[in-house]
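Asker: Pulled from Swiss-Prot, these are the listed features:
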{"type": "REGION", "residues": "1-25", "note": "region 'Disordered'"}
{"type": "REGION", "residues": "71-116", "note": "region 'Disordered'"}
{"type": "COMPBIAS", "residues": "74-85", "note": "compositional bias 'Polar residues'"}
{"type": "DOMAIN", "residues": "121-382", "note": "domain 'ABC transporter'"}
{"type": "BINDING", "residues": "GLY175, ALA176, SER177, GLY178, SER179, GLY180, LYS181, SER182", "note": "ATP binding site"}
{"type": "DOMAIN", "residues": "484-691", "note": "domain 'ABC transmembrane type-2'"}
Amino acid sequence: MSRFVDKLPLFDRRPSPMEEAEGLPRSGYLGQLHHHQYYQPHSNMLPLEQSPPTSTKHTSVTLAQLLKRVNDARSGSSTPISSPRYTIELGGSKPESVSSESDDHHSDDGGSEGQPRALVLKFTDLTYSVKQRRKGSCLPFRRAAADEPELPAMRTLLDGISGEARDGEIMAVLGASGSGKSTLIDALANRIAKESLHGSVTINGESIDSNLLKVISAYVRQEDLLYPMLTVEETLMFAAEFRLPRSLPTREKKKRVKELIDQLGLKRAANTIIGDEGHRGVSGGERRRVSIGVDIIHNPIMLFLDEPTSGLDSTSAFMVVTVLKAIAQSGSVVVMSIHQPSYRILGLLDRLLFLSRGKTVYYGPPSELPPFFLDFGKPIPDNENPTEFALDLIKEMETETEGTKRLAEHNAAWQLKHHGEGRGYGGKPGMSLKEAISASISRGKLVSGATDGTMSVAASDHSAPPPSSSSVSKFVNPFWIEMGVLTRRAFINTKRTPEVFIIRLAAVLVTGFILATIFWRLDESPKGVQERLGFFAIAMSTMYYTCSDALPVFLSERYIFLRETAYNAYRRSSYVLSHTIVGFPSLVVLSFAFALTTFFSVGLAGGVNGFFYFVAIVLASFWAGSGFATFLSGVVTHVMLGFPVVLSTLAYFLLFSGFFINRDRIPRYWLWFHYISLVKYPYEAVMQNEFGDPTRCFVRGVQMFDNTPLAALPAAVKVRVLQSMSASLGVNIGTGTCITTGPDFLKQQAITDFGKWECLWITVAWGFLFRILFYISLLLGSRNKRR
């Protein structure tokens with residue numbers, strides 16, 4: 001633990017007097033919290049210093065130019081930086097250059113009143129309600145029981161929540177399950193539709209565009225959504241390639257990743273895979289820190305986290321919050337939800353917001369918890385964690401009829417009495433939003449998209465409006481770079497999970513072997529013709545059933561995709577194309593494997609040309625089948641829902657393909673299903689490839705009696721029957737006379753709509769269509785906002 005905290009640049013590692021008195025190790029412990037002294041910041045944890053800004057001209061400076069100037073300054077250039085520079089002192093003593101205003105940066109009240117802050121996130125009267133349905137209300141015939149209580153039509157998840165978060169501090173949202181913690185984090189992170197959320201969220205007093213917020217912020221979900229087969233370093237490097245501008249050299253991106261690995265305490269695990277249930281990887285705490293690192297790779301100005309310590313032991317949770325404290329002190333606004341912080345974690349938090357049934361029941365620094373509850377008539381006992389006491393009391397008050405309301409009213413009265421109406425805990429913004437972004441760039445914040453030159457920051461123009469959505473580039477990299485990075489990442493994942501391809505190849509080879517041995521060397525008799533029909537129907541449908549394993553591929557990546565695209569890491573079109581490129585080589589291998597196993601063994605016609613056409617139609621079938629499964633994976637949300645849909649739909653496709661019933665016999669009201677059947681076109685294609693030659697004869701002379709009651713007659717009798725037929729019809733029909741050619745058989749099967757090449761291209765077109773539909777499903781179904 002001490003080695004981990006020692007690496008963090010924002011903490012002086014000399015033990016505090018309390019640590020020395022109690023003989024505690026140098027573990028970053030911020031002191032035991034006692035009654036009326038629950039929050040005592042580390043004495044050597046220094047605030048950010050604001051040096052006097054250099055003179056600037058009244059001209060707009062792009063973020064790209066600011067970033068370039070910062071890089072020049074770091075490399076020793078004399079280029080001036082036209083924004084305030086914030087520095088962090090690492091020593092134990094306070095340097096003389098730190099202004100007296102900084103001394104109160106971590107005062108008990110959370111900061112001195114009126115002290116200018118670079119960034120202040122303020123939220124006022126946030127209210128959010130959702131429709132509430134009774135269980136089973138979707139059934140039209142269900143009526144509520146007489147004794148069933150009437151439920152309100154709307155359920156309020158947030159009820160007039162107000163507060164503010166500042167750079168350099170951590171604001172923690174606490175409450176029991178269902179109190180509205182995650183909902184509030186989503187509201188602040190712009191993950192709730194504007195038409196559903198009431199109230200205002202501003203930064204430095206200015207409303208912010210959603211596209212700009214995506215650029216300067218990051219959101220860390222409660223779940224660890226990572227690729228299990230990538231190492232820690234690879235995961236962060238891919239995040240850097242997605243979030244950092246392409247004008248930044250690769251060596252600088254690698255340097256940023258190395259620094260972040262050190263900051264997160266992941267140096268020993270850098271070359272370890274993330275892991276999952278079947279592959280051993282990093283620990284739970286390390287995985288959580290990697291999740292945070294992925295979203296802070298571009299050093300965001302604002303960081304929102306949904307229960308980052310959930311599921312971790314106390315040591316791992318403390319390490320995670322310590323990292324967040326370092327991020328906050330680097331000049332970021334950090335807002336997180338947390339269930340129940342320990343003593344040590346509480347010492348790292350600057351501001352608490354307790355929720356109960358969507359209402360604010362306490363808002364302020366940890367140091368004010370004891371007097372707050374003392375004034376409420378519920379003093380916190382000595383040596384008890386104040387947050388545990390508060391959460392237990394809030395839970396107890398929720399069982400009372402007006403308990404939550406009384407506590408919320410007490411909080412409102414407390415705020416009015418101690419902080420005044422409309423008066424926060426200090427930290428008034430000392431600059432406009434544009435100036436704040438400019439200052440963040442000068443501190444080394446690599447704002448995503450900053451080098452596109454599309455978003456300008458007028459550091460000296462106080463009257464200029466904040467950047468609009470039209471001036472903010474949505475994506476850092478161009479389309480082809482995104483596709484290249486996504487393709488490379490997918491190939492690495494595929495290479496490290498060879499068992500997935502091996503299982504598919506084994507399934508194809510086993511199926512081909514079984515078909516080859518059953519339909520070995522078919523002859524050109526009527527019986528051989530019927531056996532060919534069965535082989536083609538089973539073979540073509542096998543292609544589609546084999547592709548059903550593509551369904552869980554995207555479903556396993558679904559939430560990773562949602563996390564990455566929520567902040568415009570890449571375009572959805574880039575993902576679809578890279579997904580297609582990575583999957584295509586395996587389809588080629590599977591097609592050749594199946595064709596080599598069956599074509600010559602069954603004795604199909606066409607020679608070399610026929611073989612390569614057979615390979616092409618098998619490949620087209622794999623292409624269309626994988627596209628169909630991919631499309632469904634974008635529509636359904638769970639693999640247990642997807643497989644029944646895939647299997648049942650493919651069964652219908654086979655039923656209407658023309659094998660079981662000819663097109664001429666299908667009822668007219670079902671004929672449309674025949675034409676959308678994916679099996680129809682490859683089935684008819686291989687049939688025409690086999691029976692399209694008019695010189696091949698499949699029924700000669702007495703063979704016409706095969707598969708009829710006359711088949712059991714002696715050969716001599718069959719010959720006499722042929723002679724009688726010849727005399728009656730006036731046509732000479734001998735034992736060698738060709739009765740049915742290949743084209744004749746195709747007409748009998750009603751395979752006359754399309755030629756074999758048309759069937760091939762239609763099958764290929766189905767594959768493209770399903771991938772386009774997959775892209776549309778990602779556009780419509782991958783929204784990251786609540787309604």
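Cβ atoms are placed via backbone N, Cα and C, with glycine included.
The model shown is predicted, which means the values in this text are computed figures rather than measured ones.
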Asker: Among all the protein chains here, how many other CB atoms are within 10 A of the CB of SER182 (ATP binding site)?
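Answerer: Here the count is 19.
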Asker: Compile a sequence-ordered list of residues in the same chain as SER179 (ATP binding site), six or more apart from it, whose Cβ lies below 8 A from its Cβ; state 'none' when nothing qualifies.
Answerer: LEU355, SER356, ARG357, GLY358
Asker: Give the mean pLDDT for the domain 'ABC transporter' (121-382) on the 0 to 100 scale.
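Answerer: For the domain 'ABC transporter' (121-382), the model's average pLDDT rounds to 88.
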Asker: Fewest other C-beta atoms within 10 angstroms of its own C-beta: which of the binding-site residues GLY175, GLY178, GLY180 fits that?
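Answerer: The binding-site residues GLY175, GLY178, GLY180 were compared, and GLY178 has the fewest Cβ atoms within 10 Å.
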Asker: Please name the residue among the binding-site residues ALA176, SER177, LYS181 whose C-beta has the most neighbouring C-beta atoms within 10 angstroms.
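Answerer: Per the Cβ count within 10 Å, the most buried is LYS181.
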Asker: Can you check what DSSP calls SER182 (ATP binding site), collapsed to helix, strand or coil?
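Answerer: Reduced to three states, the DSSP call for SER182 (ATP binding site) is helix.
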Asker: Other residues with Cβ within 8 Å of the Cβ centroid of GLY175, ALA176, SER177, GLY178, SER179, GLY180, LYS181, SER182 at the ATP site?
Answerer: THR183, SER337, LEU355
